[in-house]
Amino acid sequence: MAKLGVNIDHVATIRQARGGVEPDPVAAAAIAELAGADGITIHLREDRRHIQDRDLKLLRQTVKTRLNLEMAATDEMVNIAISVKPDMCTLVPEKRQELTTEGGLDVRLNLESIKEAVQRLQDGGLIVSLFIDPDPDQIKAADKTGADYIEIHTGAFAEARDWKSEQAELAKIENAIKLAGKLGMGINAGHGLNYANIRKVAALGGIEEYNIGHSIISKAVLVGLDRAVRDMVDLVKYA
């Protein structure tokens with residue numbers, strides 16, 4: 001049965017919009033866990049635009065399920081991860097001007113630097129995942145780094161505007177699942193997944209955990225976080 005990791009970055013985004021102390025992502029994480037989330041995901045960006053160092057440290061102390069830290073493959077972030085010790089580190093690309101992560105890591109182009117970051121994190125006792133597009137060359141490169149997991153970037157599927165394009169993207173995801181499985185890598189997925197499209201990806205099988213944030217927080221504004229998480233748990237686990 002697949003798991004749901006709830007990304008709470010946008011709780012911090014709302015807090016930072018006013019520079020205050022609420023809503024607190026630490027409290028949101030507790031509610032998400034009580035509602036059935038299997039894990040909590042956060043992205044500590046280099047520019048600290050939403051999640052802050054304080055949040056990471058408190059979440060490490062309070063999260064009862066699993067804490068997944070999305071991070072750039074920089075010396076600063078690697079050192080922070082080794083110090084705080086989340087349950088998983090997911091290496092993601094990062095651009096200061098982007099509103100959200102726009103694509104997967106180019107592991108082929110940056111193989112040596114990513115491999116070094118993976119090794120340092122693993123030497124620190126951490127499980128490492130790479131956020132990549134469902135591209136066979138990127139998956140093979142990810143395997144060469146020694147990473148434990150890949151997280152399939154589902155953004156292109158989520159943004160498909162017609163049935164033909166959607167089916168083509170689903171086929172890429174399905175092939176990525178098969179290839180990563182053959183290579184012995186764990187498989188997660190995320191980006192752009194919502195209440196309307198998650199069943200289509202979940203029906204493929206083979207994915208261990210879905211990391212979903214924006215759609216859950218958007219629904220939470222209307223119906224509350226507990227209800228929003230419970231509804232997504234039902235879709236992920238019983239697709």
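Here the Cβ of each residue, glycine as well, is placed from N, Cα and C on the backbone.
Annotated in Swiss-Prot:
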ACT_SITE  His43  active site, proton acceptor
ACT_SITE  Glu70  active site, proton acceptor
ACT_SITE  His191  active site, proton donor
BINDING   Asn7, Arg18, Gly192, Gly213, His214  3-amino-2-oxopropyl phosphate binding site
BINDING   Asp9, His10, Arg45, His50, Thr100  1-deoxy-D-xylulose 5-phosphate binding site
SITE      Glu151  site 'Transition state stabilizer'
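This view paints the features noted in Swiss-Prot onto the structure.
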{"residue": "Asn7", "record": "3-amino-2-oxopropyl phosphate binding site", "Cβ within 10 Å": "24"}
{"residue": "His10", "record": "1-deoxy-D-xylulose 5-phosphate binding site", "Cβ within 10 Å": "21"}
{"residue": "Arg18", "record": "3-amino-2-oxopropyl phosphate binding site", "Cβ within 10 Å": "8"}
{"residue": "His43", "record": "active site, proton acceptor", "Cβ within 10 Å": "23"}
{"residue": "Glu70", "record": "active site, proton acceptor", "Cβ within 10 Å": "26"}
{"residue": "Glu151", "record": "site 'Transition state stabilizer'", "Cβ within 10 Å": "32"}
{"residue": "His191", "record": "active site, proton donor", "Cβ within 10 Å": "26"}
{"residue": "Gly192", "record": "3-amino-2-oxopropyl phosphate binding site", "Cβ within 10 Å": "17"}
{"residue": "Gly213", "record": "3-amino-2-oxopropyl phosphate binding site", "Cβ within 10 Å": "22"}
{"residue": "His214", "record": "3-amino-2-oxopropyl phosphate binding site", "Cβ within 10 Å": "16"}
Span of Asn7, Arg18, Gly192, Gly213, His214 around 3-amino-2-oxopropyl phosphate - largest C-alpha separation, Å: 26
Nearest-integer angstrom distance between the alpha carbons (Cα) of His43 (active site, proton acceptor) and Glu70 (active site, proton acceptor): 4
Arg45 (1-deoxy-D-xylulose 5-phosphate binding site) - helix vs strand vs coil (DSSP): coil
Conformational class of His191 (active site, proton donor) under the three-state DSSP mapping: coil
In three-state DSSP terms, the structure that His214 (3-amino-2-oxopropyl phosphate binding site) belongs to: helix
Which same-chain residues, if any, lie at least 6 apart from Asp9 (1-deoxy-D-xylulose 5-phosphate binding site) yet have Cβ under 8 Å of it: Pro25, Thr41, Ile42, His43, His50, Ile51, Gly213
Of the recorded positions listed as Glu70, Glu151, Gly192, His214, the one whose CA lies nearest the CA of His10 (1-deoxy-D-xylulose 5-phosphate binding site): His214
Spatial separation of His191 (active site, proton donor) from Glu151 (site 'Transition state stabilizer') - C-alpha basis, Å: 10
Subset of recorded positions (Arg18, Arg45, Glu70, His214) lying within 10 A of the residue listed as 'active site, proton donor', CA to CA, in sequence order: His214
Coarse DSSP state, helix versus strand versus coil, of His50 (1-deoxy-D-xylulose 5-phosphate binding site): coil
Cα-nearest neighbour of Glu70 (active site, proton acceptor) within the listed binding-site residues, Arg18, Arg45, His214: Arg45
Spatial neighbours, same chain, of Arg45 (1-deoxy-D-xylulose 5-phosphate binding site) - Cβ under 8 Å, 6+ residues apart: Ile51, Ala72, Glu94
